């Protein structure tokens, strides 16, 4: 179980609801992933009209917890307004907070992110901020009241995997009581397993599953990878070494193989 604010969730894989080839494949992929939390864009819901209503019906059929996001927002004001609309529409205080600074990299505006998090937390929101791997930013978000931090592995949709491994490890070491979720940039199941091996509580995926040749099979692969990575972390991974260490005992080695 992993704790998100005052709720305990069984699956450590969070999944997005965009970019799938069809609504049916989206539903099947989410089911196969075993995810309990699904992110949804308010912009898609608000602008979709009848199509938006149909999409929302599909999500409700899955029986999952909805995590609305502020995707596409590029200012504090826009993000705060979108979050308030999402609370009214979805009936939840949860919000995945995104404030984007750059169109090419989709890098978070960390200054605006902290400001928006402060405003929303004071207004009763439980904020899931999408941020960089910068420790100082994460600490400011914690000071703003965030109990969940979602640093990226790499730019959104890049599929590059974990680029700044040491920085993500530092976040885990310095924020032991905060729920940490790797969000964005994961492209392969092995990337998700690596994040879990670092001790992260969960990962959030969308493009890597939705854009796979077989999204449903890829959802299953990521589910297994997350489980394997977490199990490995809990089992206690041996540390890396600079030199070889024999795994076969020398006791009982034939004398003619012994080193003089």
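Glycine residues also receive a Cβ, built from the backbone N, Cα and C atoms like all the rest.
Taken from Swiss-Prot, the feature active site, schiff-base intermediate with DXP covers 96, and the record attributes it to sequence analysis. According to Swiss-Prot, the 1-deoxy-D-xylulose 5-phosphate binding site annotation covers 157, 184, 185, 206, 207, on the basis of sequence analysis.
Location within the structure of each feature annotated in Swiss-Prot.
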residue: 96; record: active site, schiff-base intermediate with DXP; DSSP (3 states): strand
residue: 157; record: 1-deoxy-D-xylulose 5-phosphate binding site; DSSP (3 states): coil
residue: 184; record: 1-deoxy-D-xylulose 5-phosphate binding site; DSSP (3 states): coil
residue: 206; record: 1-deoxy-D-xylulose 5-phosphate binding site; DSSP (3 states): coil
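Counted over every protein chain shown, other Cβ atoms within 10 Å are most numerous around 185 among the binding-site residues 157, 185.
Taking only the Cα positions, the spacing between residue 206 (1-deoxy-D-xylulose 5-phosphate binding site) and residue 96 (active site, schiff-base intermediate with DXP) is 14 angstrom.
Residues 157, 184, 185, 206, 207 are the ones the record ties to 1-deoxy-D-xylulose 5-phosphate, and the longest Cα gap between any two of them is 10 Å. Apart from the site residues 157, 184, 185, 206, 207, the chain places the Cβ of 155, 156, 158, 159, 186, 187, 205, 208 no farther than 8 Å from the centroid of the site's Cβ atoms, the recorded 1-deoxy-D-xylulose 5-phosphate location. Between the binding-site residues 206, 207, 206 has the most other Cβ atoms inside 10 Å of its own Cβ, all protein chains included.
Residue environment of residue 96 (active site, schiff-base intermediate with DXP) contains 26 other Cβ atoms, counted within 10 Å of its Cβ in all protein chains. Counting Cβ atoms from all protein chains shown, residue 184 (1-deoxy-D-xylulose 5-phosphate binding site) has 25 others lying within 10 Å of its own Cβ. The separation of residue 185 (1-deoxy-D-xylulose 5-phosphate binding site) from residue 96 (active site, schiff-base intermediate with DXP), Cα to Cα, is 16 Å.
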